[in-house]
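What Swiss-Prot annotates here:
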| type | residues | note |
| --- | --- | --- |
| COMPBIAS | 1-10 | compositional bias 'Basic and acidic residues' |
| COMPBIAS | 75-86 | compositional bias 'Pro residues' |
| COMPBIAS | 289-315 | compositional bias 'Basic and acidic residues' |
| COMPBIAS | 331-341 | compositional bias 'Pro residues' |
| COMPBIAS | 434-446 | compositional bias 'Basic and acidic residues' |
| MOD_RES | Ser457 | phosphoserine |
| MOD_RES | Ser459 | phosphoserine |
| MOD_RES | Thr479 | phosphothreonine |
| MOD_RES | Ser637 | phosphoserine |
| MOD_RES | Ser641 | phosphoserine |
| MOD_RES | Thr650 | phosphothreonine |
| REGION | 1-435 | region 'Mediates localization to the nucleus' |
| REGION | 1-127 | region 'Required for nucleolar targeting (in isoform 1)' |
| REGION | 1-430 | region 'Mediates interaction with PDE7A (in isoform 2)' |
| REGION | 1-109 | region 'Disordered' |
| REGION | 145-242 | region 'Interaction with ZBTB33' |
| REGION | 176-268 | region 'Interaction with HIF1A' |
| REGION | 284-342 | region 'Disordered' |
| REGION | 394-412 | region 'Nervy homology region 2 (NHR2)' |
| REGION | 434-472 | region 'Disordered' |
| REGION | 485-533 | region 'Nervy homology region 3 (NHR3)' |
| REGION | 485-506 | region 'Mediates interaction with PRKAR2A' |
| REGION | 603-653 | region 'Disordered' |
Amino acid sequence: MPASRLRDRAASSASGSTCGSMSQTHPVLESGLLASAGCSAPRGPRKGGPAPVDRKAKASAMPDSPAEVKTQPRSTPPSMPPPPPAASQGATRPPSFTPHTHREDGPATLPHGRFHGCLKWSMVCLLMNGSSHSPTAINGAPCTPNGFSNGPATSSTASLSTQHLPPACGARQLSKLKRFLTTLQQFGSDISPEIGERVRTLVLGLVNSTLTIEEFHSKLQEATNFPLRPFVIPFLKANLPLLQRELLHCARLAKQTPAQYLAQHEQLLLDASASSPIDSSELLLEVNENGKRRTPDRTKENGSDRDPLHPEHLSKRPCTLNPAQRYSPSNGPPQPTPPPHYRLEDIAMAHHFRDAYRHPDPRELRERHRPLVVPGSRQEEVIDHKLTEREWAEEWKHLNNLLNCIMDMVEKTRRSLTVLRRCQEADREELNHWARRYSDAEDTKKGPAPAAARPRSSSAGPEGPQLDVPREFLPRTLTGYVPEDIWRKAEEAVNEVKRQAMSELQKAVSDAERKAHELITTERAKMERALAEAKRQASEDALTVINQQEDSSESCWNCGRKASETCSGCNAARYCGSFCQHRDWEKHHHVCGQSLQGPTAVVADPVPGPPEAAHSLGPSLPVGAASPSEAGSAGPSRPGSPSPPGPLDTVPR
């Protein structure tokens, strides 16, 4: 586009209307491009006071401005000579411009807003300062596109920016676009290597013009499963033609096609170390803790759901949601909040261009927003997206080994549970077996078996299981999988059964012994009672006989016939004759012998009487015979009595 034509357009626009004034300060160049495309509604001068120093550009775009370069064919970039310097224009009076409302010059394809304001103001600077103004950044350093630093691309890019782009704007836009594409590719690589490769293919297709912006937008969202912010499509429409023109110019200098040049110099476009990439959370909508998409609050504040793919709906209201307001309390105090109608962080990380509203380091933002973008990753571990294929293979190998270890543990646990279940069934069968044996032993003891057979049968009961226990425990060979507690419990159960059987045996033996002792004691008591009864009966019979003899005073004590004589010693015993007296003397002398000493003491007594008879009877026992004179003298002493036993004692005994 010739410089004279640009001057004519600027003059005609300035004479048509005085809609707003533009300042020449550098913060205007920053704020114009860094505003969100979703907040690109046409605005007039701000009400309620003067606008901030770094927020001023609010005019519409000029016809045929560099912002509309996308309407030109991509294959034939315009080649124009550098415009001559305009010495007649002064820098003290800011020119005024009217919005572009005439459709005869061609439709304006970008929404009216800060994109056009920045580009138009850059064109004003170009018209006022001439072509001698070199593309510099705000701090005075030369502003060249990031990523192209060697070879003929550097000089060609610098010349392209000097000849066809606004000063301090075109190079910065190219740098922002490259950082944007680099951030997309790194975000895809953070998710997975496959998604990163797909995103890289989409980016190369977009730059090579094989994909339209809408197709790139839809396929990118389909590949990453994350919605992009509404400003992405207007940003690409505004800046992608600049990158394609630069690529075409560099390809012509290298005598190659754009596709060949991009294939050979792909690292210049997607070089992560050449520029600081944009935080992916600024390009993507936020997600909640469950990893699902969350509709932004700004799309539902007015009660209507708007499609993020249509920025014209979002341009009807100012954007008030700032990422600085989304910081959680755990991330520290938020940064100072810019005015609500600016979205300085929506397009790029341009913190080195701003002095009043400085943002944190991109690494800090990446670490803060990474749990929102990739919910599956750990917050304390930052994924290195510069891993090589070998490192990724190592990571996958480690993950595969981990999964194999987990599977082995699960398999071993399952086998252990199976073995434990089998052992539990075997223990249950064994306990049932012991219970049956114990019940059989109880039934046997309750039966009508004799007392002597009961200990024998009960003793044979526990001894049999004791011999069977080793045979029942021998078949178990899976001791490696059975814990010691199982065996210990089984042994305790067997020992408990043994102890109960032994206690029952001891109880049965003690009962038998007690009953035997009781039986012996009972028999002994019976014998003693029988003997005592016999003795008592004999003594009673003897006493009865004695009593009968004592009561019968007229019968002989020896033969029971009628007595005719009386013993001279006791005067109680009655005999029928001397023969019976001598026959009964063996028994009678025990009674009568005590009174024999009495007659011996009174032998000298001349008085005839019973002592004399006793004296005559007493000496007759030891001597064996009595004199007839003594017997004769004793006879008349007891008149009326039978003949004395003296003559009877003469009979040899």
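Sequential numbering from 1, following the chain as shown.
Every residue, even glycine, has its Cβ placed from backbone N, Cα and C.
Remember, predicted model here, so these are calculated numbers, not experimental data.
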Original post:
Per DSSP, what is the residue tally for the region 'Nervy homology region 2 (NHR2)' (394-412) in helix, strand and coil?
Top reply: 19 helix, 0 strand, 0 coil
Original post:
Helix, strand, coil residue numbers for the region 'Nervy homology region 3 (NHR3)' (485-533) per DSSP?
Top reply: 49 helix, 0 strand, 0 coil
Original post:
Which residue counts does DSSP yield for the region 'Interaction with HIF1A' (176-268) in the helix, strand and coil classes, in that order?
Top reply: 75 helix, 1 strand, 17 coil
